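Listed features, source TrEMBL:
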REPEAT    60-101  repeat 'WD'
REPEAT    191-232  repeat 'WD'
REPEAT    238-279  repeat 'WD'
REPEAT    556-589  repeat 'WD'
REPEAT    599-635  repeat 'WD'
């Protein structure tokens, strides 16, 4: 048996309030790169007329700390990513595997930005260290290439002049920029043009200018060789923007720049004319709607916290605080002529996966820790499920009655997504305490919800009038139902599986206790209900015949940490499991010792798996990514 990665559905950037999100692109403007959790994401820009060196999305997950920035080298062959632990990893971008070129320890703290020189030979990385705030070094050896000094507070950004004679500039929370001569880089002068935090700084591709933006809403242009301030870009209200400017980038012609601000706008400027060319207003244009949580779809999630110029589409990509990536092409045609699209993806850990029925589109739905549900089509294009969503993390998703999808969340509610792919407008149904586990099966398509105090049974959705709570003395740790046999299996923290027959209403009759060695962390019935897989906190999986509850196999013991998810294939011949150990296994029922290991499938652990058909499946994890795998089974 073997499993081959078919496609990756990447995470969207992990944003934070009052903090710039570093979004960047390659020299051709055809590939995006950014940080997302513990991974660095590199993905081609959709519909770019120019071919990209990176043909499909890449998720680099070798950092031990959350990543903060990822930037592609000028040559396009390498990517450098930095993390909250002060490390920079430089890795191969165009090979089949992301082979590490070098790793450099920069500071003892979070890195906020890094920049390559034009020769792919040197780099400066900056952030918040205990003794110093940045370091200049050689890419190949990590040896020093100068000294970063002159600041009294953490650094937010750095830019290098692409051509000789080399220059560098750093931006800081001390409201200043420091200009350096190189190589080796050394202090030259301090620039005090800003009155508040300096958020970003960028050099023009031709090296003649650099620009800075800050929390004071101002944007300044400087001479690229001397560092002297040349002029300030002014908007209608005096400042360039009405709020903090989080990011700036140059067009490839070095004559235009694009700025992104907390006022919800992205503006394109002509530096030669010192004039505003166009302003793109994203306020109220997010797709979050009621999914915007406390912001209510208002201005907060519309803040533009990152931006990069995309010469490949003659436009830009920006990041909203809500996590959406906005792609705007054809900006030379003005606001009315430009085309806008959005890239959606999970911004937080994926908690559950479910494939909707083919009659309702066959989409793959993913619930996330920030309360969103995303629907992915066969090409991996994601959209947000609209309607009144959960106010906090989605705990589970399952295929429900009448081609619906049932979801439960930490907001102690159960909600229904109709066959039209939209949350039902009817009120949500309250659960008896925090709902942890969900399964559908039994007579009439009953829905079983495991809570902290027992089992909620819903016999008609979305009406709460047909909810019954069955208290239990044990603490529930997993749940699964088999519709064909009206059987319910409930896993507990005491290491037992309690098996019930369901007789309708609130009638649960216990018929068996299966005793295991550790907390029952995952349960799954085969489609015909003849097999039950029991996953434990110690990494072991045991399969039982439900006819007499004899052990079918206890040989699935290769996980080294908590089993978090199990699912049988539609034909019942194989099963997949995902674990906190980051691995996915494909198991053979007929030949229990035959297995496929998908090692390091997801950083920080695999949280959900889902068969798409008998020969392919999807996996998801704490890295907020979804991977689709093709399986070649044994004869």
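The backbone N, Cα and C atoms fix where each Cβ goes, glycine too.
Whatever TrEMBL says is automated annotation, not expert-curated.
599-635 is the stretch from 238-279, 556-589, 599-635 with the greatest number of Cβ pairs below 8 Å to the repeat 'WD' (60-101).
Within the same chain, the repeat 'WD' (556-589) stays apart from the repeat 'WD' (238-279): fewer than three Cβ pairs sit under 8 Å, each pair at least 6 residues apart. Sorting the repeat 'WD' (191-232) by DSSP state (H, G, I as helix; E, B as strand; all else coil) yields 0 helix, 22 strand, 20 coil. Per-class residue totals from DSSP over the repeat 'WD' (60-101), listed helix then strand then coil: 0 helix, 21 strand, 21 coil.
Sorting the repeat 'WD' (238-279) by DSSP state (H, G, I as helix; E, B as strand; all else coil) yields 0 helix, 23 strand, 19 coil.
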